[in-house]
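Asker: Before we start, here is the structure in question, set down as structure tokens.
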Amino acid sequence: MSMPPAQPSLRWEGDAIVALDQRALPLDRRMLRLATVDDVIDAIATLAVRGAPAIGLAGAMGVALSAFEHCRPGTAGTCAEAVHLDAQRLIAARPTAVNLAWAVRRALERVPEGADAVLRETTAMLQEDITTNRTMVGHAVDTVLAHTPDRPLRVLTHCNTGRLATAAVGTALGTIVALAAAGRIAEVLVGETRPLLQGARLTTWELAEAGVAHRLCVDSAPAAAMSRGLVDCVLVGADRITANGDVANKIGTYSLAVAAAHHRIPFIVVAPESSWDRSLADGSSILIEERDDDEVTGFGPVKSAPPGTRTYNPAFDVTPAQLITAIVSEHGAHRPER
Ligand SMILES: CSC[C@H]1O[C@H](OP(=O)(O)O)[C@H](O)[C@@H]1O
């Protein structure tokens, strides 16, 4: 399968990280230069850099920034402790996606060999993400085609799981782009993904860039679309997958899975092995990130609720394994025990 050339959403340049500021899309393509660990923490916490694999890569590069700052000749006694303290702050930036902790810990393993070794490890991780995503997308295309009618498909997706959320290829959205390249997409229905609008702002931007037919819908529309036969398959990503196949993903994913089960529509999760956390037996142990009220009470300068309105704003929810048709990684399709 021919895939478009990889366009990394973040890279190391000189002595800093350069990343696309996803808060500014789609209206403005603004690059950020992240030169300190605090810059990286802020970029991850504010979703300037977002998406489970992408925040993992940013966190790992943050470890490299820390190592270059703290591990110089004559600092052997303090280097490791200082970098480990920075690493814990990086991991704490967003608690739900396991990729962040996994990638930071992998970068930490190279600290004893020096800052350049840490940087080389982050470069290897970025290339691995591209390679594993391409392999995973191939498996996901096969899985979708095995569960859907033999015609161009109407696919529903949620949040953003494309090249912006990873090193360059994407997971669920990477699969959709590959299906479209094979002539197997009739239309993509994109949930806006309140409150930060990753679907409305980012997935539409990526689909337009790839020339894939799509329509945007409000988050409360998908069940109606399913009831009217407008959805052949639901494709989403994941932030953390537990040993039994429960999946933490963007808030709203669980309700899509319930509606898909009711309408007997395939619900397929596409996520790399680095999104699995087999130390957790099931999804009840996943720490769900709660975010600020002001994300819900307005968008940017526009306020939509009275000042002081309190909110319920979890960034993720957990979809039980029994609602999931398949979970696809670079190792192939995993069908959770029903
Ligand atoms: C391949 S990205 C996985 C995951 O990350 C997104 O969350 P966020 O935009 O808050 O970083 C969303 O849950 C995606 O499905």
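Any Cβ shown, glycine's included, is placed from N, Cα and C.
Predicted automatically and left uncurated, TrEMBL annotations should be read as such.
Since we're looking at a predicted model, the values are computed, not measured.
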Asker: Which candidate from Q198, Q322 does TrEMBL annotate alongside R50, G51, A52, R94, N249, K250 at the substrate binding site?
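Answerer: Substrate site check in TrEMBL: besides R50, G51, A52, R94, N249, K250, the record includes Q198 out of Q198, Q322.
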Asker: Measuring C-alpha to C-alpha, could you say which of the recorded positions A52, Q198, D239 are within 10 Å of C159 (site 'Transition state stabilizer')?
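Answerer: Among A52, Q198, D239, the ones whose Cα sits within 10 Å of that of C159 (site 'Transition state stabilizer') are Q198.
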Asker: Among R50, G51, A52, R94, Q198, N249, K250, listed as contacts of substrate, what is the widest Cα spread in Å, to the nearest whole number?
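Answerer: Between the outermost Cα atoms of R50, G51, A52, R94, Q198, N249, K250, the distance is 17 Å.
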Asker: How many Å separate the Cα atoms of A52 (substrate binding site) and D239 (active site, proton donor)?
Answerer: 6
Asker: Quick one: what's DSSP say for N249 (substrate binding site), helix, strand or coil?
Answerer: strand
Asker: For Q198 (substrate binding site), what is the secondary structure by DSSP, using just helix, strand and coil?
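Answerer: Assignment for Q198 (substrate binding site) reads helix.
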Asker: Can you tell me how many other Cβ atoms are located within 10 Å of the Cβ belonging to A52 (substrate binding site)?
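Answerer: Total other Cβ atoms inside 10 Å, all chains included: 28.
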Asker: With an 8 Å cut-off on Cβ distance to the R50, G51, A52, R94, Q198, N249, K250 Cβ center, who else from the chain surrounds the substrate site?
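Answerer: Once R50, G51, A52, R94, Q198, N249, K250 are set aside, the remaining close residues are L47, I55, A97, C159, N160, T161, A165, G237, D239, A315, F316.
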